[in-house]
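Swiss-Prot has this to say about the protein:
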BINDING   Asp62, Asp68, Asp121, Asp123  Ca(2+) binding site
DOMAIN    25-164  domain 'C2 1'
DOMAIN    176-303  domain 'C2 2'
DOMAIN    344-563  domain 'VWFA'
LIPID     Gly2  N-myristoyl glycine
Amino acid sequence: MGSCWSDGSYAGGGMVGVGGGANSSAATPNDAVDYYLKSRGYNGLFSQIELSFSASNLRDRDVISKSDAMVVVYTKGRDGTLAELFRSEVVLNSLNPKWIKNFTIGYQFEIVQTLLFRVYDIDTQFQNSKEELLKLDEQQFLGEATCTLSEVVTKSNRTIALELMRKEGVAAQTQPQHNGKLIVHAEESLASKTNTEIVFRGLNLESKDTFSKSDPFLVISKIVEHGTPIPVSKTEVLKNDPNPLWKPVSLSVQQVGSKDSPLVIECLDFNGNGNHDLIGKVQKSLSDLEKLHLAGQGINLALPTGVGHKHEDRVLKSQLFVDKFTETVQHTFLEYLASGFELNFMVAIDFTASNGNPRLPDSLHYIDPTGRLNAYQRAIVEVGEVLQFYDSDKRFPAWGFGARPIDIPVSHCFNLNGSSTYCEVDGIQGIMNAYNGALFNVSFAGPTLFGPVINAAATIASDSLAQSAKKYYVLLIITDGVITDLQETRDSIVSASDLPLSILIVGVGGADYKEMEVLDGDKGEKLESSSGRIASRDIVQFVALRDIQYGEVSVVEALLAELPTQFLTYMRNRNITPTTTTPSST
């Protein structure tokens, strides 16, 4: 496993790409609409998780009776700061309490959500007080435990048993050895699984074009408090059609908030410059749309006129109908994880000469003696910290490219650990150790080629697919420059698009990454191989570190936001469903 080569192919294959060979790679109106929506916040996967709590063998701090326990939940930031999120009710006189009150939290794949749980014995004099008014420093501390939300949801039965420990900073000898266990169980909200399929039809849409009919499409957005509506779905663009019948659109109840949450449905006339004209809009909930479907009635679009207090809506003759409204329950990302599917992390690091001499402070590979991470180390750690929870053995393939290892010619895919036979290392720290060792055991060279490392990752994914393994692979490529094998890289990506593989690319340094962005399907360009084959799905996500390092979105969030969707697209394209597994003991 892990052999590298440079012939632009990989052992094994995959299905022929959906769409066939003769399609153009030019961006279509529908691709441009995708990019337009993403610029307005259409992104990411969000699931509502309900956590329930119980405990066993709590420490008894009461003299006459047993403890009266309450659990408090905090979120823990990267800097260690705590923010309280939830308090349970108080369960009286029990060392094995089962709390009734549950805690609901939004699961976000791209963020490490660290939770801290503290259990208190509530003093008798406060038992008639509301939980939220209790002063915790006046209660007896029974123990605390911490874990990430990812650790809970990746368990086969979504249950984790945590040993309650003393508070951080309290001397070990002052604390009894046994404080009991806290059991945390997660359930995904049904709203996350409930999918609504809707077919919209327009009638007598007004023309916004002078010499032709409009090219209409719909954008469905949810209304958020104190903010611009956020797009959650859209239809395709239909050319020159005043009476369009669009393909079905899918919405989960979770996406929109609830079935009664108001939605803005905009009908727009597509323009190639991105400035789409508003034909008209309506505001309706899913419940309203269902009623329109059952009644067979249309609703008139309205066009806002005027501004400020003079704002009015002009009701149009143009109408919108709901020809189909069905609700189904779909498999979710978390269901696949619970049934045993894993995400396997891989990394490939650029050692080309343009990075600079690693012994000098101006090098992108410079190891700061103060411990401050360079850009390569940051990307490895931050992406790895998220993905490691989804890989049971935490053995990660790691490669370098663009350098001359000891005793061999320049290689565009060599094992980072220095081995000639295997590429895996143990854990994120193993990657960091192999990276640090390689810096001074290879000679930086060039050029910058991606094809060989993508082919190496594709080989592993292809072999896993042949064995029907429940694995999906994520390759992180970190680079400082523009690739010189653009077409070969396109070919590799198109071939890999049928495999259980996604590719994350981080650009470090000040290079011009326009060519790199072509590989990322976010901007509506379909990747085409040299043989004319079209990628069956988008598997690449690219970010330039300089573009976001001072912004509000972290490198990890920008890279990983689309990964669950890419995973689900692969599973649904191949009709792979989660299988029920027997719950294992914690």
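Even glycines carry a Cβ here, placed using N, Cα and C.
Secondary structure counts, DSSP: the domain 'C2 2' (176-303) has 18 helix, 56 strand, 54 coil. Asp68 (Ca(2+) binding site) counts 22 other C-beta atoms within 10 Å of its own C-beta, drawing on all protein chains shown. Looking only at the binding-site residues Asp121, Asp123, the densest Cβ neighbourhood within 10 Å occurs at Asp121. Mean per-residue pLDDT, taken over the domain 'VWFA' (344-563), amounts to 90.
For the domain 'C2 1' (25-164), the number of residues in each DSSP class (helix H, G, I; strand E, B; coil) is 24 helix, 55 strand, 61 coil.
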